[in-house]
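A.B. asks: Here it is: the structure, laid out below.
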Amino acid sequence: MEPREDGTLHLQEPAGGGCGAIIGKSCVASPCRWLRRLYRELHWSFVLSVVAVYGACQGVGNSVGGVAAGYYWKDVQRVQPSAAQFYQGVTDAPWVVKPLWGLLTDVIPVAGYRCRPYFVLAGVIGVSSMLMLSLHHGLGIMPALLALTAQSAGAAVADVTVDALVAQNSITHPLLASDMQSLCGFSSSLGALLGFSISGLLVHSIGSQGALGLLSIPSALVLSAGILLKENRAAEFDYKQVHKKFYKAIQCMGTTLKCPEVWRPCVYMFLSHNLSLDIQGGMFYWYTDPVVGPGFSEGSIGLIYAIGSVGSLLGVLLYQSALKDYPFRSILLWGQVLSSLAGMLDLVLVTRLNLKIGIPDYFFAMIDNSISQMVGRLKWLPLLVLCSKLCSPGIEGTFYALLMSLQNAGLLMSAWWGGLLLHMLDVTRMEFSNLWIAVLIRNVSRLVPLTLLFLVPQSDQNSTLLPAEMLQDDDYTETVKAGSVEFSVLVQDGSGFISPNIVAEDQQSKMFDAENDDVESIPLVNKGGPTFDS
């Protein structure tokens, strides 16, 4: 993204040609054919795992859990907004140590399986912690915080496991990287739409603790996905060599991080989240205040967030159909700018300017959330594609988890900075006179990451980012053969890593066959983009 001489900024033209756009429109117009294509390319069990983790656990689970936890801290534990913001950061802490879970999935198979046991473990942790929280009344702050943190840890383990599969398939099917992220985003947004639609009704009918107890159901679905997952079993694994594999994986991670093409985007991802303050705790308390705020009920809150999830879903479809071929730097620049502008809607709502122009709070809040979630999704998806492009084969689970943990650490710091800001401005359970200042500071902070965009590669989202010498290094190849490949999962029968020649021939064959077929049968890849040599 470069400024024009007149001072205005414009998106660069996408690197991919028109074929990618046709494919994107095809998948939007015919989702059933799109899913069938992904089934054939990536195996149905991979799609099932993505839907279970992103759709059920993160989509439905996070939406219901977010609303229920907000009411739990406000009405049951009766803490201040800044404290609730801090506790939310604590419960998100397991997402910061995702590389640890990634190392486990990459290095240590259980009973010969690399992913299935970790899905099962994640499900068991989630089910037990949420049942304990819901069935034990009168819990103190610390036990409740421990239970919510345990549930978050289970979700993080499941997320790392499925992310390892996404990263691996991004290597074996490089041209499907953006389509896989679209599947993840679509599942998450659809699940969030469902979860937010019922969250308010659940909290109203069975209370916040009862609603949190129902989060055991998404965790049970993750457990089921682990049982049903198709995975090749590794034979005769020598557990005495685990420490060597740990050392080798950490060594490869260090080597990869030293690469400028890797550490520069990592710095941007961490700082861009860290510098964008999160004051959602204060906004939630204001939403539900009947005196100063609009006084939304539980059902109204759920419906507002549900409509917002429609905006998130539209963001996924917009990205998949029109934006996945734009350069990273361009799409991220406009994402930050639009995020700051969308935040101004909160300022209008808090200062009640919407009432002065005749727009009711409820209707304006739905518009606000829809636009904010759509812009947030458009910011998030390119970062996920960027992370998948920075992963080296053999340590993809660990390194993808490391990249995601950097972003989660930034989000955690953002929540804590936001809580500190609310405390400094004396925003409490009953006092919101300075909330508009917090909103304004947050919106300005979202523009600060624009100064760091030079750290992001200028290449398009279908390009190879890792240098060729890193991918062809002998030590690196040895690590892949000795480490991850012997536990490889989820690609097609008898799969290991697929050579780039086979991938190229397969894509050429599909392009030839597509000439005699209709548009909806074209593989979900952008033929105009460069290939990813593995």
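Glycine too: its Cβ is placed from the backbone N, Cα and C atoms.
Because the structure is a prediction, the values reported are computed rather than measured.
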A.B. asks: Between 29-50, 183-204, 359-380, 447-468, which stretch does TrEMBL give the note transmembrane segment?
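C.D. replies: TrEMBL lists transmembrane segment for residues 183-204.
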A.B. asks: Name the range, of those listed as 183-204, 210-229, 299-319, 331-350, 399-422, that has the largest tally of Cβ pairs under 8 Å with the transmembrane segment (118-135).
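C.D. replies: Top-ranked stretch among 183-204, 210-229, 299-319, 331-350, 399-422: 210-229.
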A.B. asks: Hey, which bits of the same chain come close to the transmembrane segment (183-204), Cβ under 8 Å, at least six residues off its ends?
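C.D. replies: Residues 38, 47, 50-51, 54-56, 58-64, 66-68, 71, 166, 210-211, 214, 297-303, 305-306, 308-310, 312-313, 315-317, 319-320, 377, 380-381, 384 contact the transmembrane segment (183-204) from elsewhere in the chain.
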